[in-house]
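For reference, the structure is listed below as structure tokens.
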Amino acid sequence: MATSVDNRHYPRLSSALNGGVVHSFKPPLVPSPSLDRDQDQSVNVPTEKSVDKTTKEDRFDSSDDEDESHNRYVSYYKEMVLKSNSDLEPTALDSRDESTGDKWIHRNSSMVRLTGKHPFNAEAPLPRLMHHGFITPVPLHYVRNHGGVPKAEWSDWSVEVTGLVKRPAGLTMEQLISEFPSREFPVTLVCAGNRRKEQNMVKQTIGFNWGSAGVSTSLWRGVALSDVLRRCGVYSKRGGALNVCFEGAEDLPGGGGSKYGTSIKKEMAMDPARDIILAYMQNGELLTPDHGFPVRVIIPGFIGGRMVKWLKRIIVTPQESDNYYHYKDNRVLPSYVDAELPNEESWWYRPEYIINELNINSVITTPGHEEILPINAFTTQKPYTLKGYAYSGGGKKVTRVEVTLDGGETWSVCELDHQEKPNKYGKFWCWCFWSLDVEVLDLLSAKEVAVRAWDESLNTQPEKLIWNLMGMMNNCWFRIKTNVCKPHRGEIGIVFEHPTRPGNQSGGWMAKERQIEKSSESHPTLKKSVSTPFMNTASKMYSMSEVRKHNSAESAWIIVHGHIYDCTRFLKDHPGGSDSILINAGTDCTEEFEAIHSDKAKKLLEDYRIGELITTGYDSSPNVSVHGGSSVMSLLAPIRQLAPTKNIALVNPREKVPVKLIEKTSISHDVRRFRFALPSEDQQLGLPVGKHIFLCATINDKLCLRAYTPTSTVDAVGYIDLVIKVYFKNVHPRFPNGGLMSQHPDSLPIGAVLDIKGPLGHIEYQGRGKFMVSGKPKFANKLAMLAGGTGITPIYQVIQSILSDPEDETEMFVVYANRTEDDILVREELEGWASKFPDRLKIWYVVEIAKEGWEYSTGFITEAVLREHVPEGLEGESLALACGPPPMIQFALQPNLEKMGYDIKEDLLIF
């Protein structure tokens, strides 16, 4: 989404000069989008100076008649901008951005966030987008950010032009606007992922859930890329100049750390018919931070992913860009290619799958999702008007839009509204709107309404969805379903359902159909008795407010992909402890569940499914509004919490807490200690000993969560420390891509923000030998502490707590297994404690591969190792604490501890 410095007036919307094709730019002082709104500072944009006198043939030469005509159209577009902004509310700082790098950006609160808090990826609600018409207000323009928004200053920004050019240059913003002719015209931008959620409802792609509003239109002003390249003396094709690469300013994690970059063919860059510009104004204002202030690339008719924001470098090269995002994004791979195959067989690097130009697409926007059309004497006297948008790529004009009410048997041609004038080469860069009047009684008898568009090349939309790994370029017929309902007073009506709702919002007919399909697979006999997909009574339907009531250990329900699961009987068996379920009880936890669970876990979940979520928007539950009195209390989390006497960060285990990376220390070649600042300097984390947290990040556009135990003390103020073993790619042959989450913080710059969530876990050490395990007290004065690899961190946490209390006399016996001696984590701290407290802590190591002179055990943890180094199992005297790989727990610890007298169910506590 775009940011607006304020809901401003437009004193700079002056008539275009010299035909609207070649302008001199005369803006007055304007606020810098990079500055805090409370600061009274401004950027002095130069007034008209001598525009570079390029030769006539270098210019966009046009006749006087064309110039005059274009002049009128630019004025017309500017009137549209004013009209579009007439009922736009001011933007504001958003509380969701407070602890991210984007906290300084003003945004429109109505934007639907698609990837959580950060990075900011958003689209406007579809009705709101269409309400503003042909020109989209900047704050409602869709936003695709791969990371944090760079802070930029107009006065010191420059764009480097280098590579195969005779005169490399660093062009300042002043030079761009004063030394080159400017151009101004409307362009529709579309994300290649527009309508992706429809694909995700069929089969999950690797992309997040764009709805059908990943499209927006603005009036852009900038300088021609071809003019800039000519000024710098771009080489000919024979001289090797085949590609023009663009690089932005943001720091991103992809490929181990990079900028966002991509490229286009040089002949495209130099083609005057393509109108490619380096834009610095949008809808009559300087660009806003979310849209690339101070300068970005605009390539009309292309996908948004080629239009690099915060442009810093233009490089002319023989080869296309080698940037990570050029290859690992914006591709349409064959439908059979899954998430593993592209890396194994180099599919990413095959040129035939790259996306450049947009394809033909259309969407129904009226009726809206869950809109109800009453059927009565008044409404049946006049037709109902269906409406929507359509666009195509490459400058092709949309020539026809058709609607069917009978599944494609017959089609009605719609009325088209093209509100743009083509450029002098006949190219159309913007969406058009369509409408069709239909009889209400025809809608009543229809089961669905579908639309398809055609362009001047007679390209049209396929009937069925074509799934691809990245979920790109979805342009199948857009279908809405109709159902008869009874809105009030005994009337009947038609309720319309769109296929999906953007982001993680529930609803849409595709969710219902998927539920029916899964139910039919589980109960084959249903297929014979179910006449329509909306009559399936096999699954009970529940409202969201009903689900919210089941948010305690007595009754724990969750929602995943629109299905409702009763996890109450699984609380005691959950490997991550009951808290991992309870913090999500009564909520839709689709994103969190997908981020941390395997396919096996997803299949296991089906045993607990009890019904489906009602997605029509009606709620028959008691009033839960402010006026509902005590009913509001039903929404409160059931997890018992003591009122905090200190300022703690983890107040609510259901909420994410942003933390900033402030220090990174290399302990070994693959082990890092990361220090994160808590939101407030006087805060403690508030994590009970024995519990852990989730570290949350959006990686490659998907939420990723991993459990970690801090190594900082529980009373540390203002920060937490995490010791993480980094599993690098191309090290282990079984895992060529390495660890997704472990590599992520290592690739981040200081100052980057991640989220944490917790406390989680079923074990809590309460001090002096006392534990609380899944709500049951346990006691021991001797602890067998058994760890493998990174599993030492929860053990470390308990040791740290015990040794910090002089009156805690609990004896600890640690056996710590690793592959090699170099893999031993926090060894210095462990041995320091063992030396200082020899009567309270004893350490023994086991390594699979030992160096010469190794003083400890070699191989694996065996019964002999345990008998020699940990106490026997005695009821009320000893407990075993363990954390490590499942094979170690299952084959090395459980059978051998049982031989030593431990009750595996009661005396072995597994973190």
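Glycine is no exception: its Cβ is also placed from the backbone N, Cα and C atoms.
Look at Swiss-Prot and you will find 1-68 tagged as region 'Disordered'.
The compositional bias 'Basic and acidic residues' annotation in Swiss-Prot covers 49-62.
For Cys191, the entry in Swiss-Prot reads Mo-molybdopterin binding site. On its own chain, Cys191 (Mo-molybdopterin binding site) has Tyr142, Arg144, Trp210, Gly214, Val215, Ile303, Gly304, Gly305 as residues at least 6 apart in sequence with a Cβ closer than 8 Å to its own Cβ.
Residues annotated as domain 'Cytochrome b5 heme-binding' in Swiss-Prot, with sequence analysis given as evidence: 539-614.
Taking the Cβ of His574 (heme binding site) as centre and 10 Å as the limit, one finds 16 other Cβ atoms among all the protein chains shown. Annotated heme binding site per Swiss-Prot: His574, His597, in sequence order.
For the domain 'FAD-binding FR-type' (654-766), the mean pLDDT of the prediction comes to 87. Residues annotated as domain 'FAD-binding FR-type' in Swiss-Prot, with sequence analysis given as evidence: 654-766.
The Cβ of Tyr708 (FAD binding site) has His692, Ile693, Phe694, Leu695, Leu722, Ile724, Thr793 as same-chain neighbours under 8 Å, each 6 or more residues away in sequence. In the three-state DSSP scheme, Tyr708 (FAD binding site) is classed as strand. The FAD binding site annotation in Swiss-Prot covers 706-709, 723-728, Phe735, 740-742, Thr793 and is backed by similarity to another entry.
Contacts of Lys725 (FAD binding site) defined by a Cβ separation under 8 A and a same-chain sequence distance of 6+ are given as Asp670, Val671, Ser742, Gly789, Thr790, Asp823, Leu825, in order along the sequence. Each residue contributes its Cα atom, and for Tyr727 (FAD binding site) and His574 (heme binding site) these two points are 26 Å apart. Using a 10 Å Cβ-Cβ cutoff, Tyr727 (FAD binding site) registers 17 neighbours. Looking at Arg706 (FAD binding site) and His574 (heme binding site), their Cα atoms lie 16 Å from each other. Cα-Cα distance from Val723 (FAD binding site) to His574 (heme binding site): 25 Å (rounded to the nearest whole number). For the pair His574 (heme binding site) and Met741 (FAD binding site), the Cα-Cα distance reads 22 Å. Non-local neighbourhood of Met741 (FAD binding site): Leu695, Ala697, Ile699, Cys704, Leu705, Arg706, each in the same chain, at least six residues away, with C-beta under 8 Å from its C-beta.
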